[in-house]
Amino acid sequence: MTTIAVLGAGRIGESLLSGLLNTGRPPEELLFTERSPQRAAELTEQYGIEHVDVPSAARRADILVVAVKPQDIEPLLDEMVPVVAPDKLVVSLCAGLPTKVFERRFAEGTPVVRVMPNTPMLVGEAMSAISAGAHAGEAHLELVEEILGSVGRVARVPETQQDAVTALSGSGPAYFFYLVEAMVDAGILLGLPRSLAAELIVQSAVGAAAMLREGEGHPVMMREGVTSPAGTTISGIRELEKHGVRAALIDAIEAARDRSLELGRVHETDE
Ligand SMILES: NC(=O)c1ccc[n+]([C@@H]2O[C@H](COP(=O)([O-])OP(=O)(O)OC[C@H]3O[C@@H](n4cnc5c(N)ncnc54)[C@H](OP(=O)(O)O)[C@@H]3O)[C@@H](O)[C@H]2O)c1
């Protein structure tokens, strides 16, 4: 039996607990910590999972999943460091925090795995990228794959690629939301009611995503499949090219990567 404690059961922490229950993990193998007693009571009522304090989580759990906001990490580390033994696996979901931030505080040899999840975790469709710290091995990565696999898909990446991952899948959902918002606006311009425009676009997004996932071909081939000679789609594509939408997306993702690097430097200078 492997016991998992989620430290900080906010949006992401709650989604993870819920996903673990949905994939058959018994509530007795799960624990969580929370600052607000009211929220803790609500979560226990809803999921039947025990709320504990940090020393108890550190004693009873084999895996400690840190899911507080990065700006809240220092007080939590102050609580964890005296009570976390080096045989516990520490899994950080904190965006932008290098494994070094944990390793330099915990006892030598403590395994740490860094995860960059994304918001579709809330609906069990996360894309999570995981990276091993200096003391985490194959068995640790497999455990984290199993945990994150309960709320979506998981890829292994070297930690040096986490800034690129943050820009692509971390921020990615926001770019899709932005595109959907713009397309719904276009529907309104064309005289459709907002609810109908939203239904048409959201279902088109879901359908296109399902085709992409099922791997029916390369995205270019899929687009060519709906772009007939002298048809409607090519007229639209010409406007997208004229407005440099492809270049804008590439620049946007590069800017997000640069910002992630910049935020990461703050933690490096803390050393
Ligand atoms: N949401 C996303 O899209 C997303 C995507 C990728 C990564 N992440 C990462 O996931 C982590 C969690 O994000 P979130 O959106 O779930 O944040 P959140 O909703 O603010 O959840 C964090 C929870 O932890 C609690 N908390 C803070 N310090 C604590 C402590 N010392 N002990 C116990 N509980 C504590 C907070 O309580 P209070 O409310 O009282 O502060 C809150 O309930 C962040 O590090 C974020 O970078 C999030």
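Even glycines carry a Cβ here, placed using N, Cα and C.
Going by TrEMBL, these are the annotated features:
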type	residues	note
BINDING	ALA67, VAL68, LYS69, PRO70	NADP(+) binding site
DOMAIN	3-96	domain 'Pyrroline-5-carboxylate reductase catalytic N-terminal'
DOMAIN	159-263	domain 'Pyrroline-5-carboxylate reductase dimerisation'
Tertiary neighbours of ALA67 (NADP(+) binding site) (same chain, Cβ under 8 Å, six or more apart): VAL6, LEU7, GLY8, ALA9, GLY10, ILE12, GLY13, LEU16, LEU93, CYS94
Among VAL68, LYS69, the most crowded of the binding-site residues [Cβ within 10 Å]: VAL68
Cβ-centroid neighbours of NADP(+) site ALA67, VAL68, LYS69, PRO70, 8 Å, sequence order: GLY8, GLY10, VAL66, GLN71, ASP72, ILE73, LEU76, LEU93, CYS94
